[in-house]
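Undergrad: Dropping the structure in here first, questions after.
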Amino acid sequence: MGKEDKTHINVVVIGHVDSGKSTTTGHLIYKCGGIDKRTIEKFEKEAAELGKGSFKYAWVLDKLKAERERGITIDIALWKFETPKYYVTVIDAPGHRDFIKNMITGTSQADCAILIIAAGTGEFEAGISKDGQTREHALLAYTLGVKQLIVAINKMDTTKWSEARFNEIIKETSNFIKKVGYNPKTVAFVPISGFNGDNMLEASTNCPWYKGWEKEVKGGKATGKTLLEAIDSIEPPKRPTDKPLRLPLQDVYKIGGIGTVPVGRIETGILKPGMVVTFAPSNVTTEVKSVEMHHEQLAEGVPGDNVGFNVKNVSVKEIRRGNVAGDSKNDPPMGAASFDAQVIVLNHPGQVGAGYAPVLDCHTAHIACKFSELLQKIDRRTGKAVEESPKFIKSGDAAIVKMVPSKPMCVEAFTEYPPLGRFAVRDMRQTVAVGVIKKVEKAAAGSGKVTKSAAKAGKK
């Protein structure tokens, strides 16, 4: 297959902190990945010097993580690996303290979640206990529209590759993911050792009893033996190129001799030079002079592309991180006066009532919003209302809440523009709730700034 023919997909790796996520992810990136041999050799040498030889795959990931946390410049190719069918990007390094926030504000939408479960005695039980991280992560993935799941049952070597233990874990995990919302029949369960490499890329000889995984897919069944094959059997995503443009800004740079360059990831639609874009909620309209990615000019940017684009006659003071760019002629973005959202309270020590005003992280925006009204309490499993106008909600509850941003922000309904329709509620330095936006009351549009070049381009 030619390099260009492969589809890009995003996976998110979830599971308990000691399940071996780093080692498993590191192994895939290491064996099929974007890390060049020189870097690997350098890492291995350092690991050996520090007596961490046994930890090499996780060590690779730790090095990458450290570099990523130091600055944004880390080559994102390092988080990629290739399968026969796909280019895979690992969206978040597991164990990252911002994992939940990242999942929701989602630098990108995952196409599939890989749940890593440790098979060791006691380890498995700890991972999916009632207060386990695993439950929270899986629930989060499902709520945020990650509908495909792979379960990798790791550290099988610690159970001496016991078939009975494997089957017991499948049974327990099936019940567990069913409660979250997944259908176990559509899930591949793969017994692996992320450290030794069993069933990662090649079928292991340590489990002669293992006949392979099987899952239901549209129009039939998929089967395979390894984790790599399970990743290859992910159904390819439909990318939202046909929707109107939405591009949340991550940063706005001023570049000498070029001018103002907003940077961000295209979530929906297409961005082309010559287009007239509107930034919300700043309400500034201008022409796009050029679009580039990785220092190369693009004829057009599509969803998933992280682009910089040059705009005319707009100063860096007028637009900022958290603004959203869209096509001025095709459902241009607008600020929100208020919005209704389905909110799930994850961990709040007290109870939440009307008037609560935490910070919301939605796409790249970070803005305080008031819970102005609790409309209904909802049964999380069925989505049906169980109480009208509740006074309070507490941890574990789901509710429809009317929210009012403290200053202008641009959000959308999750059904129309998913990446702009989900958010994390942050308070006391943690994620206390997550939400999905049901409907948006747009702010009355005042007359905004329209640059000369936009007016001219608009007449063309």
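Glycine residues also receive a Cβ, built from the backbone N, Cα and C atoms like all the rest.
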Undergrad: Region 'G2' per Swiss-Prot: which of the ranges 31-35, 71-75, 291-295, 361-365 is that?
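TA: Comparing 31-35, 71-75, 291-295, 361-365 with Swiss-Prot, region 'G2' matches 71-75.
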Undergrad: Need the matching range: Swiss-Prot marks region 'G4' on one of 154-157, 178-181, 262-265, 286-289, and I'd like to know which.
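TA: Among 154-157, 178-181, 262-265, 286-289, the range Swiss-Prot annotates as region 'G4' is 154-157.
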Undergrad: Any idea what DSSP makes of Gly15 (GTP binding site), helix, strand or coil?
TA: strand
Undergrad: Based on DSSP, name the secondary structure state of Met156 (GTP binding site): helix, strand or coil.
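TA: DSSP assigns Met156 (GTP binding site) to helix.
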Undergrad: To the nearest whole angstrom, state the Cα distance for the pair Lys317 (N6-methyllysine) and Lys80 (N6,N6,N6-trimethyllysine).
TA: 35
Undergrad: How many Å lie between the Cα of Lys80 (N6,N6,N6-trimethyllysine) and the Cα of Asp18 (GTP binding site)?
TA: 22
Undergrad: For Lys80 (N6,N6,N6-trimethyllysine), what is the secondary structure by DSSP, using just helix, strand and coil?
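TA: In the DSSP reduction, Lys80 (N6,N6,N6-trimethyllysine) maps to strand.
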